[in-house]
Ligand SMILES: Cc1ncc(COP(=O)(O)O)c(C=O)c1O
């Protein structure tokens, strides 16, 4: 069986051993005679899956007891609305740092809920970098500061987080679990699962517990974080199969030696591609400035659209999947999440060098 070199931006590559385990267990999960998909979400067997996913995430990310872990649906996009609905209180101002299309979308939803302020932005520079920490200007009456830790579309990433006396909220959809992060520094972290955590369908929210005390009662039940916190995310039917897959991915990360090992590998992978770009003498041109480069999404362009098209077509023939840049940006993007093996990055770099030889 030939597996693709999968550089999709999300949904994206999953670890092969995880897929194989899911396949093995698909028809008969732990001798129940049923698939996980067919189990009651109130059964003992599912409860173990659910709690194991939570426990492993807590262990791997070193999530302190001050923070709760919630499983929701609606993707990271619903969090764009839920964050301000739950945490932007009357008379306060939600602060956003704009670093790309996803932070713009998050801001757009917050504006529908209450007062907002752009604390910093790199929009003028076509989102080629993360604003310097000293350029962040908070408003008065700050409710929270929202950042997008990794910008999936533009290929930039925060390598240092703001240390300000304000509740920090991060959309970590495209780099959660890819590097060590001090969770204590964050009031809330959210991430759609479909990059580093598992398949789409479940959204992880890590929230500091004291924030739960001030959430307005009038919110619709399913849009209130307290509903999930007080029911162990089992108020209604959770996305059971997605959570099962999450638990398998987390076990895989644990078996690899945890996030520190994964982070080291991710840096090596990114380095292989950035080195190839840097050594191409401008044939491949990186979108992100050096200090803001993402270890998850490597974005670059070729000298013209014609060459980009040929590059993408040839890459596809060689089994490299998902290299077209986002439709809003164009060019190319290699998404190299946790499950993308180092060999895939080496093979891509070899192909890029060989392609360049033929076209210069
Ligand atoms: C950084 C970031 N935020 C939010 C989203 C939207 O996520 P979802 O499709 O789960 O709503 C994405 C999707 O790619 C993303 O990369």
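For all residues, glycine too, the Cβ spot is worked out from N, Cα and C.
From a predicted model like this one, the values you see are computed outputs, not experimental measurements.
Straight from TrEMBL, the features:
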type    : residues                             : note
BINDING : 42                                   : L-glutamate binding site
BINDING : 76, 77, 102, 152, 171, 194, 236, 237 : pyridoxal 5'-phosphate binding site
DOMAIN  : 5-346                                : domain 'Aminotransferase class V'
MOD_RES : 195                                  : N6-(pyridoxal phosphate)lysine
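Mapped onto this structure are the features recorded in TrEMBL.
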residue: 42; record: L-glutamate binding site; Cβ within 10 Å: 9
residue: 76; record: pyridoxal 5'-phosphate binding site; Cβ within 10 Å: 25
residue: 77; record: pyridoxal 5'-phosphate binding site; Cβ within 10 Å: 16
residue: 102; record: pyridoxal 5'-phosphate binding site; Cβ within 10 Å: 21
residue: 152; record: pyridoxal 5'-phosphate binding site; Cβ within 10 Å: 25
residue: 171; record: pyridoxal 5'-phosphate binding site; Cβ within 10 Å: 29
residue: 194; record: pyridoxal 5'-phosphate binding site; Cβ within 10 Å: 24
residue: 195; record: N6-(pyridoxal phosphate)lysine; Cβ within 10 Å: 30
residue: 236; record: pyridoxal 5'-phosphate binding site; Cβ within 10 Å: 12
residue: 237; record: pyridoxal 5'-phosphate binding site; Cβ within 10 Å: 10
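As a whole number, the greatest separation of Cα atoms within the pyridoxal 5'-phosphate-binding residue list 76, 77, 102, 152, 171, 194, 236, 237 is 31 Å.
Put simply, of the binding-site residues 77, 102, 152, 171, 236, the one whose Cα is nearest the Cα of residue 42 (L-glutamate binding site) is 236. A straight line from the CA of residue 102 (pyridoxal 5'-phosphate binding site) to the CA of the residue listed as 'N6-(pyridoxal phosphate)lysine' spans 15 Å. Note on the domain 'Aminotransferase class V' (5-346): mean pLDDT across this stretch is 98. Listed in sequence order, the binding-site residues among 76, 102, 237 whose CB lies under 6 angstroms from an atom of ligand 1 come out as 76, 102. Between residue 152 (pyridoxal 5'-phosphate binding site) and residue 195 (N6-(pyridoxal phosphate)lysine), the C-alpha separation comes to 10 Å. Rounded to a whole value, the Cα-Cα separation of residue 77 (pyridoxal 5'-phosphate binding site) and residue 195 (N6-(pyridoxal phosphate)lysine) is 14 Å. Look at residue 194 (pyridoxal 5'-phosphate binding site): DSSP puts it in coil.
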